Amino acid sequence: MVHVVPWVDGASGFILISGLVLGIICRRRTDDGGVASAEGRLARRTALLYVSHVAVTALSVVVSRATTATNPAPPGNTDAGAAQVAAWLLTLQINPGSLDILSIYVVLLALAMAWVPLFRRGWWPAVAVLSASLYVVALTTDWGRLPDRPDGWAYFNTAAWQAVFCSAFIVGWYWSRWRDWLRGTTGLAIAVGGGFLTAGGGIVLHHAGAGDWLFDKPNCGLGRIVLAWAAFVVLYQLMRLLIARVPAMVMPVAVVGSRSLACFIALCVIGTLLPLAIGYDRTSLTAEIAGVVVAAAMYPVARTRGMASGVLSRRRVRPSAA
């Protein structure tokens, strides 16, 4: 896939926005109900995501074992017994193809649980230093990868990608301080100027055969982090403009965004099962059409999840019969 802006992609956006939103939510819940309340809600969300990851990955293992001849990168084609495969599943050592970002998110949510009490005490600089130190260790030693397959092969370095998540969590936690700057012309000018300079420098270095590590995707190079933030500021201001001018146009995006976890899990399940019907060639016309249809289907998925959540909320607050 070719991206419009070099080194800016869905993985960067997903991790950054997830950290930002989680920081905002955790700060609000901590202020309203205390650390224990916020930690309890975060623990339930982490557990839900973990169970979802295990279930989706188990489904992919079953599918891959049933389609050995046609699946080019199955996570479950191994001579290991059921007990060993189950152990890999439970320890996040098997990931469906192109869905390894899900296991990273499980780890990041667990990290956030450790951060919340520190943020509550105002110790965010300590968290930032620890995150930066872990990032340096990840870049210099290549430590911190979760295996994608039983043979130990791994792509994303979780210890490096947590730096994006942590920076976004800090901004989210102090959103009341940052939002005006991010919405202003100064923030936009810095984002556009910094983004162009970083991308331009990256292109020059790339053609010179040097500096590729600064934009490396598996290890989340520093240039990629800068560009992720630059893209976020630009898109954030663009979305605010569109919401003010043409709210009906962006309403579906807002609905899907409000139920992003449900939509992402639905995408994981569809991405696992759909190749059984259309094959594994992502460049075919059928695959392209299916991709558009699946993306459009996330709107009704989000609406359904929202209605279900509303029903559950009303049941919780309904007074008991006398």
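For all residues, glycine too, the Cβ spot is worked out from N, Cα and C.
For 6-26 (among others), the entry in TrEMBL reads transmembrane segment.
What TrEMBL lists as transmembrane segment is 47-67 (among others).
Here TrEMBL flags 97-116 (among others) as transmembrane segment.
Marked as transmembrane segment by TrEMBL: 123-141 (among others).
Outside the transmembrane segment (153-175), and at least 6 residues removed from its termini, the chain residues within Cβ reach (under 8 Å) are 11-12, 15-27, 100-101, 103-104, 107-108, 111-112, 115, 119, 124, 127-128, 131-132, 134-135, 137-139, 142-147, 218-220, 225, 228-229. For 153-175 (among others), the entry in TrEMBL reads transmembrane segment.
Residues 5-7, 181, 215, 223, 226-227, 229-234, 237 of the same chain lie 6+ residues outside the transmembrane segment (187-209) yet bring a C-beta within less than 8 angstroms of a C-beta in it. Annotation source TrEMBL lists transmembrane segment at 187-209 (among others).
The list of residues near the transmembrane segment (221-239) in space but at least 6 beyond its ends in sequence, with Cβ under 8 angstroms from a Cβ of it, reads 5-8, 12-13, 16-17, 20, 163-164, 167, 182-183, 187-188, 190-192, 194-195, 198-199, 201-202, 213-215, 250, 253. The annotation transmembrane segment is assigned in TrEMBL to 221-239 (among others).
Residues or ranges marked as transmembrane segment in TrEMBL: 260-278 (among others).
Annotated transmembrane segment per TrEMBL: 284-302 (among others), in sequence order. Proximity of distant same-chain residues to the transmembrane segment (284-302), defined by a Cβ-Cβ separation under 8 Å and at least 6 residues beyond the stretch ends, is recorded for 252, 255-256, 258-259, 262-263, 266-267, 270, 274, 278.
Ranked by Cβ pairs under 8 Å to the transmembrane segment (260-278), the stretches 6-26, 47-67, 97-116, 123-141 are led by 47-67.
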